[in-house]
């Protein structure tokens, strides 16, 4: 036995229901026909309960597939029959933590019960499962549903007269709402409602035990009213009928944060227009510039000064200047205004010493007197201040130059400032937590055509060399095939393509190697060519002429000994850098950049994409084993521009509120955003990789122009253990078009630059080049400061997208079946017309058919008019939410653990032989089904070809005679009459039909195929 515990903490901003601007709410929780309720809080729209309701369950595993229903009602008088419902929440049992240590208090938006319900507000709950022997204190006694109804039936009038006097006595409540509740109960259970809550740890390592949640601690936490989900519209439900419906916790939730872009600027601070897609965060900035004429503190007559800026418990420290009485620091400190713990700013100058640091002087500011700076004002000019003793007496010597002001995250000093939320880090570690913008290197395809060589000399003069050419460019290496014939002047005539990047500081090395036998090779000669000397080619211009290059011995090539010899081996090469291609570092299915490498060939931008990375909620406690939570940062990539937010330390609910902008050149591109846990805060050389917490893709073509999208996206990660939800990411998006004509014409242009179609590169080479481009980007960005590590780059670029996955294969198969099902529905509708299942519809189709036969010029206009009407009709049910990772479509919700283990296995495999054999047998069974389908398709095609092949003389004779008769018939008969006869025959009444297959089908199935010729 186990227990399900639902701790009802509090609710806020409830809907008034008593007619006097208030309500008397209580909460009722139902689970597996068990119903519990809390006490009533009279006249309170923001009630606090802190009551635990306990339910019996057989095992903790029984929670999967179950639903916990939490309803809030108004405890009203017997005369009011229509104002009792205040909202409800449905929680999936699969998201309930299996221990109290993993449970955290979460806030859920209240949803409607019906279309005309008036609901607002949210409720804070803590839900978890415990063993039966574990003690649970502070919960209400069990109130059985059946017993309660019997009491209501027997004592209805008495209870109505007495009213509700205690939490246990709520029969009068059932009298008013239970009837409507029972009528809608089945409908409520079948309806999936959008939710905004977390899966917790998702079965992984649980977070550390949270501190006890007292009333004071809970309400000191800032409110996030933007997380309230709006009502479920009919649009969403209609559209979801066409696709597999995923769980509510995996869906995108529309939010309403207080952003200037959404609420306008009327009556508001004009500074909000600077960053209008993020919430304004106020900071107190202290800039410590320099000091002068500081007094000497040491006996030796020296001074090692540094500055300490202190506000309450937050202390920022500059570096110390050794033996310097005129130090210059120029450091900025930023303190969050929400977390200021004191009204005084104390700036203290100290002398670094071996033991206790000496006090030099200080200056104190009052926070209330600090001026506010509004961008785009110029920076505040720093001023000189005389240092004081601790008792307030002014020192005879010593001044410090300071600037203190109130600003926001829009301040230009914010990105490089020291932040109070990272006060425990060293100066080196602090630099790696700042927000930065990165740019991918500009990459080109380098085409190397190896034609031939002359006068090669092998180490054994009596043997003709068996040669091939090995080419290396940076970390890329490829080799040609062996020469067709063994000769001292071989010919290869093979073209190889590599990735080159600006500033072209690398060398491409060609080595002619000889296979001497026994698996050994010997270098005959080598040539080293700087990439900056290779000519460029734009679009389909003429290729440069081939050139002869002298081959040097390996030692000579390395030493760059360019002495001319009377006789030397040489190689004929044609080299060029193709600037007309776009170097793919992402899959074309979700690429963010499709522009050619050459800036000359690029088209002007068509718009601007703005994104506000607001916050994240309920993140996975990635450092639970270390006694910490999560050091979260966010990375976004679009085009060649990467952005990284600042790292917020030790929190599961980070608030970044950072806004970024990109230029858009093609609307059919994808923005990618991911959240990571920083594992290199204290040790940058730690080999441990940053943990990925989830990824989001947003296609720009699905966004409406100038609309502000504010949504909470679930962070889903697929691991060998299964699908995990690691929290929610809150974003604000806006796509602004600056060139409407150019944007619309983009839909008629090729997706990739012209060179990809005029001189296409094979798919096999494209994939190999994509992997090399990804490695090149990762190597370049990992050398930045702070580095964007290779695991981050590879995760956003989906480097393993082409890896075999049985789960992904199933998902693609289901996608095909969904498309086929739409076509099958059309044929079912036509079959229903032929079977006269709906006589009225069938008669109308007959009338339309006769009209089109009489007026054939109306056929095409009718088709296009019908398409126009369908498109206009679907406008009202268009998707309102941007697309997101679909767990159901991805076959990730119920993926087989063995299939996931195979998907994340290394290549080559590292599993034992029995596992590999089992997976091979499974792959054979799947391939057998695919083979059967392909064989059936081949058989149908061969039957069509056999009509005139005389493989079956009698069948071919029948067909050609039939073709001759039809030719004569169609010649003498008007085409309209033929179509009329055929249509009426096809739509004939079922009374004139037979269940046997028609003659043409029987004839076609008897045609010969080549299946009998297979071994």
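Backbone N, Cα and C define each Cβ position, glycine as well.
When DSSP labels each residue, the domain 'C2' (1-108) comes out as 10 helix, 51 strand, 47 coil, counted as helix, strand and coil in that order. If you look up TrEMBL, you'll see 1-108 (among others) marked as domain 'C2'.
According to TrEMBL, the domain 'C2' annotation covers 265-385 (among others).
Predicted-model confidence for the domain 'C2' (422-549) is 88, expressed as mean pLDDT. If you look up TrEMBL, you'll see 422-549 (among others) marked as domain 'C2'.
Annotation comment: TrEMBL describes 590-713 (among others) as domain 'C2'. Residue counts of the domain 'C2' (590-713) by helix, strand and coil are 7 helix, 57 strand, 60 coil (DSSP-based).
Residues 833, 976, 979-980, 983, 987 of the same chain sit 6 or more residues outside the transmembrane segment (843-875) yet have a Cβ under 8 Å from a Cβ within it. What TrEMBL lists as transmembrane segment is 843-875 (among others).
Beyond the transmembrane segment (958-987), the same-chain residues lying 6 or more positions past its ends with a Cβ under 8 Å from any Cβ of the stretch are 833-834, 842, 845-846, 849-850, 853-854, 856, 947-948, 1003. Among the features that TrEMBL reports, transmembrane segment is placed at 958-987 (among others).
Break the domain 'C2' (422-549) down by DSSP state and the numbers are 9 helix, 65 strand, 54 coil. Remark: secondary structure over the domain 'C2' (265-385) totals 10 helix, 52 strand, 59 coil, with classes taken from DSSP.
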